[in-house]
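According to Swiss-Prot, the features are:
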- 3-86: repeat 'Solcar 1' (REPEAT)
- 9-29: transmembrane segment (TRANSMEM)
- 61-81: transmembrane segment (TRANSMEM)
- 100-205: repeat 'Solcar 2' (REPEAT)
- 107-127: transmembrane segment (TRANSMEM)
- 193-213: transmembrane segment (TRANSMEM)
- 214-301: repeat 'Solcar 3' (REPEAT)
- 217-237: transmembrane segment (TRANSMEM)
- 277-295: transmembrane segment (TRANSMEM)
Amino acid sequence: MGNFQLEDFVAGWIGGAASVIVGHPLDTVKARLQAGSGYGSTLSCIRTVYRRESVFGFFKGMSFPLASIAVYNSVVFGVFSNTQRFLSHHRCQEPEAGPPHVLSDLLLASMVAGVVSVGLGAPVDLIEIRLQMQTQPFQEANLGLKPRVAALGEQPAYQGPVHCFATIVRTEGLAGLYRGASAMLLRDVPGYCLYFIPYVFLSDWITPEACAGPSPCAVWLAGGMAGAISWGTATPMDVVKSRLQADGVYVNKYRGVLDCMSQSYQKEGLKVFFRGITVNAVRGFPMSAAMFLGYELSLQAIRGDHVVTSP
């Protein structure tokens, strides 16, 4: 355990808080586009949310992820960095031997981080989605609701994150907190591979050989590009995850991942799995740029380094 470093978790917590503040407005738009109805496009969704709920509608449900996703990112970055460091040292047998970044080490560390992220993050993601979706416009024809049930969609189902948590546990049991977790696993394991690996190699590529480590500008650019790549490619399974997690606010439509994919394809065609891809990619850049920059600068401050150190 000599390679274990607690500061990776602390820096991940700081970076996670920064990413939530930067990315939550677009995250709300993404959730409405993917799991809601009545929005023709990204701009239409933004206008509708602003007109009906003002600017505060874009920050609906942010208090819970701000408190929890910071911890979530702390664990993800801490697990990734320590796993990658352990694998590298185990492979080389010498702490300072061998190249700092080997693809196989990064790949396995990313997969471990992805699995851990689902166990910790699925309930957080579920509550965030439910809070974001509870005031979205439901269309009676699309959902097949009776008029009385459809009318309930105009009133918020949850009074806040604590009430949302308690309601889900009471009505769906503890297993309800992990609704959509299988889709999240299929999204996050490859997603984190396409998150950490591009970041590491892009930051190394951008940084001149004479420099001891990447500059904050290089971290910002590499982190943003990695986020856009990861979130863009994760969109199809992100759509399925969002629909499964939003399912249950007013009505249950899906029996699982395959049923959700089948129903979505039959009703809306292949294009439905790419709904929100623009928002995902655009949102992924500033969120990930803030995440990696907050992480690296915090790590630099904690360790007293003069250069940024890649995970």
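Note: Cβ is positioned from N, Cα and C throughout, glycine not excepted.
Panel annotation: around the transmembrane segment (107-127), residues 61, 64-65, 68-69, 71-72, 75-77, 79-81, 83-84, 87, 161, 164-165, 168, 176-181, 184-185, 188-193, 195-197, 241, 245 of the same chain, lying at least six beyond its termini, place a Cβ under 8 Å from a Cβ of the stretch. Tertiary proximity for the transmembrane segment (217-237) is limited to same-chain residues at least six positions away from its ends with a CB under 8 Å from its CB atoms, namely 183, 186-188, 190-192, 194-196, 198-199, 202-203, 206-207, 273-277, 280-293, 296-297, 308. The recorded stretches the transmembrane segment (9-29) and the transmembrane segment (193-213) do not share 3+ CB pairs below 8 A when only pairs 6 or more apart in sequence are counted, and are therefore not in contact. Remark: secondary structure over the repeat 'Solcar 1' (3-86) totals 70 helix, 0 strand, 14 coil, with classes taken from DSSP.
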